[in-house]
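Below: the structure, in structure tokens.
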Amino acid sequence: MVSSQIESEEKSLRIIFMGTPDFASSNLRALLAGPDQVVAVVTQPDRPKGRGKKLTSPPVKVIAEEAGLPVLQPTKVRTDEFLEALAAYAPDLIVVTAYGRILPKPILDLAPLGCINVHGSLLPKYRGAAPIQWAVIQGDDEVGVTTMQMDEGMDTGDILLRKIIIPSPDETAGTLFDKLAELGTSALLETIEGLKKGTIRAEAQDHAQATEAPMLSKNDGLIDWSRTATELESLIRGMDPWPSAFCFLEGKRLRLFMPEVSYQKTDAQPGAVLRAGRDGLLIATGKNCLLVKEIQPEGKKRMTVEAFLCGAKIGAETVLKTT
């Protein structure tokens, strides 16, 4: 049960923070710099990473250990032992940002002010693990973050606060990630202040308007050249930097970056390279053309098309394929 206002506006809240990736890091840093007390941090277990599969700590854990905070990394969240461990910290509030697990009701009800979540979309749009990427892929003309009172569903809780920004014309998932991380921190601090003062009122989501943003896989980046140039531009930007959009050149994977729609008319088949020059690859699509300025050949680093052409030949008869 969420209290509309704590006993005193001046009280320093005891906060448990739950999060894992870089997107959550700025929120934790802001809480550590603020008037409230982060009493513990919960994050995902360390995972093997890189070619050497070295066990690597989540970004949030690194920050927590630098601050001397206790860190919990449960493999399961639906256990009495984990609930008791959280309860021992007597939290007033639990803050969750990209933790990566759905929390059970006993945890949601543990703190007097409940659990609040910072989500990287304008809910109810893009519920799920990859809201930022999907917003770019879909070509949204406004994006933002939402703080919500968590319930047992996947991003279905009541909305506390929304903040909106307009993406730039050349926005990628990577650049938008950075902007929304900063915006999310601002929204979180404003939400906590509003909960303290009792000035924020929760509003139910319109579930009929909900859309999903499932986790992306590498294969989601495969380019279908029969789609329009506008759709492909959004796809390539939404897949940058990961998992990246790709096609095949002479049987080898070619990742594409920095696209721009061109309205040059052509009767060439989709995927045909119309021009390869210093400004990029001009490629025919299902509607209009696409100018791609940077690429990453298989086994090599990302580079400009101009740099690629210094050591490779690609002409007007080249066709980029899906296999």
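Yeah, the Cβs are placed from backbone N, Cα and C, and that goes for glycine too.
Here Swiss-Prot flags SER121, LEU122, LEU123, PRO124 as (6S)-5,6,7,8-tetrahydrofolate binding site. In three-state terms derived from DSSP, SER121 ((6S)-5,6,7,8-tetrahydrofolate binding site) belongs to neither a helical nor a strand segment and is classed as coil.
Shown in sequence order, HIS119, LYS125, TYR126, ARG127, PRO131, THR146, ASP155, ARG162, GLN205, ALA210 are the same-chain residues outside SER121, LEU122, LEU123, PRO124 whose Cβ sits within 8 Å of the Cβ centre of the (6S)-5,6,7,8-tetrahydrofolate site. The number of other CB atoms found within 10 A of the CB of LEU122 ((6S)-5,6,7,8-tetrahydrofolate binding site), across every protein chain shown, is 19.
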